[in-house]
Structure formats: C-alpha cells, structure tokens
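Trainee: This is the structure I have questions about; it appears just below.
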Amino acid sequence: MATAMSVSAVSPPAAAVTRPRTMVCVPATARAPREMAAELAAAAALGADVAELRLDCLAGFAPRRDLPVILAKPRPLPALVTYRPKWEGGEYEGDDESRFEALLLAMELGAEYVDVELKVADKFMKLISGRKPDNCKLIVSSHNYETTPSSEELANLVAQIQATGADIVKIATTATEIVDVAKMFQILVHCQEKQVPIIGLVMNDRGFISRVLCPKYGGFLTFGSLKKGKESAPAQPTAADLINLYNIRQIGPDTKVFGIIGKPVGHSKSPILHNEAFRSVGFNAVYVPFLVDDLAKFLDTYSSPDFAGFSCTIPHKEAAVRCCDEVDPVARDIGAVNTIVRRPDGKLVGYNTDYVGAISAIEDGIKASESEPTDPDKSPLAGRLFVVIGAGGAGKALAYGAKEKGARVVIANRTFARAQELANLIGGPALTLADLENYHPEEGMILANTTAIGMHPNVNETPLSKQALRSYAVVFDAVYTPKETRLLREAAECGATVVSGLEMFIRQAMGQFEHFTGMPVDDYKFRAIASSLDNPNTMKPRL
C-alpha cells in the first residue's frame, strides 16, 4: 500500500469493490439498564443502523440480571456490545474474566456484534472457542489516545488484529494535526481492496473529517452520539448531524469533498448552508469543517481531485494567496483569498468573494435606510469616511472594496504596524484601537469590524465602546455568530444603521457556490436555505 502522507492517490479503486453501506452507530451510555434500552429505541428513531451498548457505563452492572433487559427482543436495532476497561479509555475497573463472561452472555442473548480489545483478544478467543454464535461478529479494537501512527504501523496493526481471528477490524487514533487523517484514509482504502471490514476513525476536532468521510473510503461504520453531550469519544458528531446535515447516506466513492479551512472553525455555519445547497441541486458533494494549523501542508496532503474546493477563513486567507497556483487579479490586489478551487488538472485557483459580499451588503443596508431615492449610478459609499477595524484577510477585502467605491478608507488595528501596512497599500491613515475611541473628524462615518471580536462564545466583547459608536451613521460587523453582536446592538441603540455579517456571509457563499459547482446560483432558493441559519433548532456541526 502507499506510504506517503498525501491522499492524491487515495481514492476508491477504479473497479469499485462491492461493499455494504457504511453504518451509523449510536453509543448508548446510560447508567441504568432500562434507560440504555430506551436509548437504543431513541437511536432507531433517529435513523441509526446499529447501537453500541456501553456496558462499562452502567452503574452496579449485574450481567445476568441486566443483559436480558438491555438485549430483550424484539430489538429496534442490532446491538454492538462493548465493555471497555479503563486501560483502553472505558470505565470498567474489574478483572478480565468477569468482563469476558458478560460479553459471552451478550453473544448468547443474540448480540449482533461484540467488541474486545486487541491486548486481550487472544485470551478472549480461547474462552469463546466453539461458543460464538454464527450470527455474532467479533470486533477486535485498538485505541490510541495520543497520536496517529505511520501508515506502515497502521497496516501492521491491521494484520495483527486480523491474526486474532477478528471478523471486523477497529482502529481509533488521535490527530495532532488534520493531515493525520490521511493515513487512516489510506488504511481504509487498503482494507477495502483486500475486502477486510474495518472501522477506522481519528479522534478529536482535527480528526473530525474521518467520521464524516469514512463512507467515501469504505469504512464499516461511524459513530454518532444520541445528542449533544452524549458523546462517547472526543469530537463525535451527533447521529442527526451525520444523517441530516452531512447527508452521510449519500456519500460514496464519487462524492466530491468541499469544506471550510480555518482555526477556529467550529462556529461556522458554512456546512449547513453549502450541504443543503448541494442537496437542493442534486450535486454529489459534501462540505465539512477542516481545522487546519498549516495551510500549505493541508493542501499538499489532500491533493486528490476529489478534494475539489475550499472556503478559507481566519487565519488562512493571506497564506492562501501564496498556496494557490493561480490567483484571480482582484484577490491578488486585495492580498487575501477566501475561496480555493481545484481544477481538473490539479491546479489550485484562488478567488475572493468577501469584498463583493460585504460591500454590496453595506450599500444595500444604507439604501434601505434612506428615505430619498439615491443615484443608481453612484455608490452610497462614495466620498464617505470608511473606518475598517482589522488588517487581516477580511479587513483587506473591505478596505479594497470601499476604496473601489470611492470611499476614504481608514484602517484601525490592535497592532499599529499591521494597520499601517494595510493603510499604506490603500492610501489612507492608520490608527490603533485606542486611537479610534476618540476619533471623530466628521459626521456620517461608516464603521466595519472585520475582526473576530464579539464572535461566539465571546459574545460580550466589542471592538469599540458605545460612547465611540455615537460618531457613526452606519455600522457593519463581519461576525455573524451571533447575528446581533454587542457591537451592532449598541450601534443601533445609538441610532446607527446596522448591517449584519450574516448578509455578507450569504452573499460571499453564493459566489463560492458558483465557483464550486459551476452552476448559476438561484438567489431565492439560496436565501430560503440561509433563512434556516437563524433557526435555533437547525442541526449544526459539532467540533
């Protein structure tokens, strides 16, 4: 098998091996037997394929008393029984003999799957010799809570697990960076070619994509929690998100992968918007969050044509300019890329849809607030003093767009040197945030915050005091989680016209959708999808 880190060659074989659908498994972690049985039923109602019964979570567990309750037939779902010891990340602290007897009893009571750890698999095999029912599959598992070993080491681990007589191989590792997941994808492809059933997952937020994309590479199953707060492993999504948000039932070998690259990235609503937009036009793709530390390393590793496009957010927009093979002239002038598309020849092309999204949102917000009709040929920004807070990728886009519309642009930033650097590029003055508190050269000024100040969970933060906001006629905030930030709320209280970052988000996403799919965007349909983003019941990606 390939040993390189890159997944450029990691795609399902040309003559795809016939395989069953990747199952969604919900862990049941209740403390009481009847509650665990109820969780199994709840998992079935969510649309799961199997439930993992975590016996080590039960308080005062007595196998002969409790297992008949949990495994009573008819069951709404097949049962995967796990009795995880503390030394392998579980809660059981007793001896192996008692634990093995409980697992054997679960087999006799009709459990469809039983999971046992590699370290004790040989001992367990001797105990159950000739006693394992034909309808029960044995999963032999290995968990690494520190790192993800090399591809060679993972391949050796697969062979070691197979040698125990396992029906299904399970390997769970931990990502120290997102490129670690590529090694697991290689193993999944290798096992698929050899027709070896494997559960291969990478834990924590940098490994999140392994849980969503495993159907593309032939994983036997993936785990999704019953609800938020019921996770059995780090960064486990909910089953509802896997099924409804990521549309995991439709992910297959030919599914294109898109996603948002950032750090942090868990707050983003882009997966909700783009996945539903893809689904609405029948586009075979999935959009996932990529928590990335090193952009160049990420793009080099995930270089397969199947990784077809990316949204770029903080702090990678400027680095993206250097990482692309070609950059749209506007994005190059701005010095920031928020959209990357991989062409069929493998070349990466960078665009910037932020500036159009933000500037048009501000212009429309101003026009809507004015009672008198405005000159359609003249931007309402022309001649206005436009203060940009932030000198990063989004700040550059706003500064560029405002200048193009004829505004006089001022850059304010926490670090003055960064503010001065951007101000020199656009030909305007630079200020520190402290200076901005007393900056009031004229009436009718426009303020645009492009920093992450005030973003969830730091919703009580604001880049500028309420007193200082009295100097502005229009205030825009690029932060859209929450929709009404403290900055916008206090600006509205001061009488300013406010423009939410959600409007910029929607408009820049429309541009990205067209770049990703090559299809014209249906404005009405896209906005209808985006309207669900304000619904607190909307399924959101968990990281």
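Glycine is treated like the rest: Cβ placed from N, Cα and C.
So TrEMBL has the following annotated:
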{"type": "DOMAIN", "residues": "260-340", "note": "domain 'Shikimate dehydrogenase substrate binding N-terminal'"}
{"type": "DOMAIN", "residues": "382-452", "note": "domain 'Quinate/shikimate 5-dehydrogenase/glutamyl-tRNA reductase'"}
{"type": "DOMAIN", "residues": "501-522", "note": "domain 'SDH C-terminal'"}
Trainee: Taking residues 6+ outside the domain 'SDH C-terminal' (501-522), which of them lie with a CB under 8 Å of any CB in it?
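Mentor: Cβ under 8 Å, 6 or more out: 258, 269-270, 273-274, 277-278, 281, 283, 285, 308-309, 311, 338-339, 341, 351, 353-354, 356-358, 360-361, 364-365, 476-480, 483, 485, 530, 533-534.
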Trainee: In this predicted model, what is the average pLDDT of the domain 'Quinate/shikimate 5-dehydrogenase/glutamyl-tRNA reductase' (382-452)?
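Mentor: Averaged over the domain 'Quinate/shikimate 5-dehydrogenase/glutamyl-tRNA reductase' (382-452), per-residue pLDDT gives 96.
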Trainee: With DSSP as the reference, give the number of residues of the domain 'Quinate/shikimate 5-dehydrogenase/glutamyl-tRNA reductase' (382-452) in helix, strand and coil.
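Mentor: Grouping H, G, I as helix and E, B as strand yields 27 helix, 19 strand, 25 coil.
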